[in-house]
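Trainee: One structure coming up, written as structure tokens, with questions to follow.
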């Protein structure tokens, strides 16, 4: 029974020495001196703030993209024991001892290092020689810009890693298609393709470009499968469903999971949640939740409420009034109603409270049982402190003369009767009998007499002059097409009014609510709102010293100074390897010209290269040249501040194209021994120049050793490069 123990257990394994050596060299190049400099480097000042917020579980919104990349950076901080206590206020600030610099920079560095073996494997899976694959990996290894970007708490190296992983996984899956369809390895690589694509998109939306490229490639391959008569209809259906599951359904589910974890981690209120709706804010611990917890859900006649404008940008504001009146005449000579001012005020204040009144009754308290207000009901809104009614009439607004002035009505015994009836329209209702709900309902107030809609026009324009205390204008919008968010309001704070006497009511308005009932949004509701904010909330793009245009990237006419030592000449710059970038441009041009030439010749039934070589040429170009195009050309359509690091995913694909073109030239165009020898010699000389440029600019990639002013001037190979030289 134990006879198997008589023989030794032998395990054999194949080890690709090239792959191991490249991985080790990649790790050394990215991890060496990772803690240097122990100071904030460029956009670490930006991402570090989010890492601190993760450590403290405080909610934030970053309009630059999804949260997965931020969570990976925060994971590094968590593994290093970071407590989040550091003031990320300026580039160059020295890190305090509680900041685990090595841990925070570790994951981007590992991702950058693993891009080297990934490049090697991609070329192998494209059926190019191991020599070409080795060349591609060495070019990625010696690329100064990728080294610099990988060694700090930045996201581009992580993005490029997942992009290359997605491409490699799909190529491995495709190569298994003919002989091992639906095998375990086939499923593994197909599923990993979808996972890697989702992770790439989850790091930055730039990952969508490569995801779309792979979806198009998969669609083209499946289209070719449809023409294969050896495949049955059932088999084709299974292939289609497998691809749909792995490349669409699973990535979507994984993308949702990033937000689920993000929202589960960030459950505390913070400064960023003010741009979210009242319902979202109330779901966070602290902040608005402490104020609104336990409020009555249904708004009733007699309810005391504050009304927040749903738009919430550039600032959140609440419907507000005070005892001051509009001036009799404005600066431009136009007259006003001289009624009590109504504004939108960006701070919480007792003058933000209003009472919902039934026009047919005089009482300002909630009856027992409460009578809820429903969609379509007519109400009057009484200002809680001054007891004047919200009113509008055919008088031009102070800043928006095309709209009606909104005021609280004062009876001057003149021929201007009160017009203070408003119809409640619940925008997000499920039926026409919906009850107006606290926080959850988004409502419009339509003036019964004029059909004007209550609108916070000041959110898109200038604030009122000194007589209006620089508060935001509120108008009655006559042309109320659609449901623009500046016309939509929600009840934020709410209590059932109990005091009929004004003095008692004022005391009541100043006191907090007492009921203890909590309301929470579902995950999908929170996800939808957060996703919409990320896509639509844009900071004002300002010209940056190191911003550039997409045209500047191809010829590398720009650089970015990441860090400067406070006393010596040591500095770090984002600069590419000039020899590699020039060669990548040349390879792209050669590929385009040769492809057009081959296409024209093939149209004339002239086949210069074998069919298998043509298919190899086109498939490699689809991945490498296509990857460069989809990651580069969209930036010409973007209206945002651009930087050189936005080009790194594109240039990575372009670098992979260099050995593709070189091998093609050697295999099919250099047909004599002499020409092949000359090409080999030129390739060796060119690789030597790549290494020379890498060594020359490595002090600017690693920040050490410090260079003298003369040495720094010698590195300014282009007049457009901003190399920092201290005055002696």
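Keep in mind that glycine also has a Cβ here, set from the backbone N, Cα and C atoms.
What TrEMBL lists as domain 'MIR' is 296-359, 370-427. The transmembrane segment annotation in TrEMBL covers 68-88, 100-120, 154-174, 186-219, 240-267, 578-600, 612-630, 642-662, 674-694.
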Trainee: So, by DSSP, how many helix, strand and coil residues make up the domain 'MIR' (370-427)?
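Mentor: Helix/strand/coil tally for the domain 'MIR' (370-427): 0 helix, 26 strand, 32 coil.
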Trainee: Average the per-residue pLDDT over the domain 'MIR' (370-427) and send me the rounded value.
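Mentor: On average, pLDDT over the domain 'MIR' (370-427) sits at 89.
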Trainee: Let's see if you can do this one: DSSP helix, strand and coil counts over the domain 'MIR' (296-359), in that order.
Mentor: 3 helix, 30 strand, 31 coil
Trainee: Six or more residues out from either end of the transmembrane segment (68-88), which same-chain residues have a Cβ under 8 Å from its Cβ atoms?
Mentor: 40, 44-56, 62, 95-96, 98-100, 102-108, 153, 155, 158-159, 199, 202-204, 258, 261-262, 265
Trainee: So what's near the transmembrane segment (642-662) in sequence-distant terms, Cβ-Cβ under 8 Å and 6+ beyond its ends?
Mentor: 115, 119, 122-123, 126, 128, 132-133, 135-136, 139-140, 143, 145-146, 149, 154, 156, 159-160, 163-164, 206, 209-210, 544, 546-550, 552-553, 556, 558-560, 574, 576, 580-581, 583-585, 587-588, 590-591, 594, 620-621, 623-629, 631-632, 635, 679, 683
Trainee: Name the range, of those listed as 100-120, 154-174, 186-219, 240-267, 578-600, that has the largest tally of Cβ pairs under 8 Å with the transmembrane segment (674-694).
Mentor: 578-600
